[in-house]
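Asks: Sharing a structure here in structure tokens format.
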Amino acid sequence: MASSGLAYPDRFYAAAAYAGFGAGGATSSSAISRFQNDVALLLYGLYQQATVGPCNVPKPRAWNPVEQSKWTSWHGLGSMPSAEAMRLFVKILEEEDPGWYSRVPEFNPEPVVDIEMHKPKEDPKVILASTNGTSVPEPKTISENGSSVETQDKVVILEGLSAVSVHEEWTPLSVNGQRPKPRYEHGATVVQDKMYIFGGNHNGRYLSDLQALDLKSLTWSKIDAKFQAGSTDSSKSAQVSSCAGHSLISWGNKFFSVAGHTKDPSENITVKEFDPHTCTWSIVKTYGKPPVSRGGQSVTLVGTTLVLFGGEDAKRCLLNDLHILDLETMTWDDVDAIGTPPPRSDHAAACHADRYLLIFGGGSHATCFNDLHVLDLQTMEWSRPKQQGLAPSPRAGHAGATVGENWYIVGGGNNKSGVSETLVLNMSTLTWSVVSSVEGRVPLASEGMTLVHSNYNGDDYLISFGGYNGRYSNEVFALKLTLKSDLQSKTKEHASDGTSSVLEPEVELSHDGKIREIAMDSADSDLKKDDANELLVALKAEKEELEAALNREQVQTIQLKEEIAEAEARNAELTKELQTVRGQLAAEQSRCFKLEVDVAELRQKLQSMDALEREVELLRRQKAASEQAALEAKQRQSSSGMWGWLVGTPPDKSES
């Protein structure tokens, strides 16, 4: 997805120069020697695709295998757009050498300076405890490198999240213990006042460690977890596989790790369960047809089910399929919903009123989205309802957390830089507003961070960890939320002052009615007002109309099904008749062929009969000629005997 820092195409050219391509670096041969062969060839092909375009040069001769391999890598990209080739080039370089951006100062003109966050309306009184127990002045600004802060002179020592007293402003937390390794694309969840961090990506390597932050003492600790692959005790010595882009979901006193990218991906999604009491990972046996392996998906807890949407599979193919895992039976269900959103990954999802699934943002390989999609889990129909307030900017890799009817969105990238605003969406009125904003390249404006919600001493807090914006982060920030009534009034004020962002529907639905349904289902809605009865009557009338229309559609569907069944029966009969006719035709064809063979044999016999007749005729003629000759000879003999008798010649004794 998009990364913060330099905007494209400058980020691409900086990456190309660092890798050894272009005028700012060495030749492509040096790049091939720097990386593994397959990576170097892929970088070469993407660089040529981004700077030259599709490969139109002839294939090199076979005696030059290096040039032939480079040509094959370039030619295999086909007609990939230049922008997509640039982003894939940077993404692959970051996976191979995540620290490249910090080592290219000539392409980073902005100096490292302290970045001042927006000041609150009241004077801050926050003082954080240092790692050694002594007090330190309150930080008023955040440095880009996370090490330089400006302070005030007043000193007050507070404990845990109570140290954060400023509302709606992000505050860096000073934590105890050894911090986890910086990372992004990890998973995070809260179980019993502890924030658990699992996996992630650091320097292009997937992680498998499990860390816990005690939200009471703000102390990090590494969990020495065991992995139980089966029922035998010997399997407990194994380790859980490293992963990134997965989802952590709390369930009771345990939590699940769902999906994620791994070094050796399996064919289907794996669900793992961690028990904090036994510090043991185990593989959950599921039933039904599991989704294909993926990462960057969203997994949302809805009642007693997990709803999974989208992501990117092991072949980097974007997905938009929908699957539901029943946590009581551990059975997967592949759902075919109506009006499915475009494929995406690194988006955020939330559940409202145990009925509606909301999807926001995310991106493809070259584009970031700012669209909001709502899935009615009862009718399984997607829609793009009207939104109010300030329209959010496109982003991917952001994090979200729900507090009541409010959905908070933090961070993400938009192909140019990190997104600095912290947004909140009132899911009852679908109204956007800005809660807080930071400036500069700070961890809060990065991708792959996590955001969790915790209630501590009666106050609601948002806690962020990690992220990547050219640098990997392991910083922890907290934002103390205002009272619910204040936040609702602020949301309504933003809704009245902001502009409406009207989006086209994906399916033929009444979106105003859907918004009213969401408001009706919300526990914190305003149906206790004077116009609640009128709204309820209108909703009932609309519901009756929809039910009547649904009944008509169902009747028509039944009729169509009956007609289809009749047509299929007729088709089956015609198919049988056709098969019978084909059998008869085959028999007739066989008989005709046999007759043709007999006729051919008879013709041959007739031809031989003609020859015999001619031979017989010849013999007859020869016989007639012989008989004629014999007759003539006999006549001559008889005449010669008479003359001989007259002259006294005795007859021939042999004739007698």
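Glycine residues also receive a Cβ, built from the backbone N, Cα and C atoms like all the rest.
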Asks: Where Swiss-Prot shows TYR44, GLY45, LEU46, TYR47, GLN48 binding acyl-CoA, which of LYS70, LYS91 is named for the same site?
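Replies: Looking through LYS70, LYS91, the residue Swiss-Prot assigns to the acyl-CoA site is LYS70.
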Asks: Between 267-296, 477-506, 627-656, I'd like to know which one Swiss-Prot lists as region 'Disordered'.
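Replies: Of 267-296, 477-506, 627-656, Swiss-Prot gives region 'Disordered' for 627-656.
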Asks: Within 10 Å of the Cβ of GLN48 (acyl-CoA binding site), how many other Cβ atoms are there?
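Replies: Neighbour count, Cβ to Cβ under the 10 Å cut-off: 22.
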Asks: Could you tell me how many residues in the repeat 'Kelch 5' (406-454) are helical, how many are strand and how many are coil under DSSP?
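Replies: When I sort the residues of the repeat 'Kelch 5' (406-454) into the three classes, I find 0 helix, 26 strand, 23 coil.
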Asks: According to DSSP, collapsed to three classes, what secondary structure does LYS70 (acyl-CoA binding site) have?
Replies: helix
Asks: When DSSP is mapped onto helix/strand/coil, what comes out for GLN48 (acyl-CoA binding site)?
Replies: helix
Asks: When secondary structure is assigned with DSSP, how many helix, strand and coil residues does the repeat 'Kelch 2' (254-304) contain?
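Replies: Per DSSP, the residues of the repeat 'Kelch 2' (254-304) fall into 0 helix, 26 strand, 25 coil.
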Asks: Looking only at TYR44, GLY45, LEU46, TYR47, GLN48, LYS70, which the record lists for acyl-CoA, tell me the maximum pairwise CA distance in angstrom.
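Replies: So the maximum pairwise Cα distance among the acyl-CoA binders is 11 Å.
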Asks: Most Cβ neighbours within 10 Å: which of the binding-site residues LEU46, TYR47 is it?
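Replies: Counting every other Cβ within 10 Å of each candidate, the maximum falls on LEU46.
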Asks: Output, ordered by sequence, the same-chain residues six or more apart from GLY45 (acyl-CoA binding site) with a CB under 8 Å from its CB, or 'none'.
Replies: LYS70, SER73, TRP74, HIS75, GLY76, LEU77
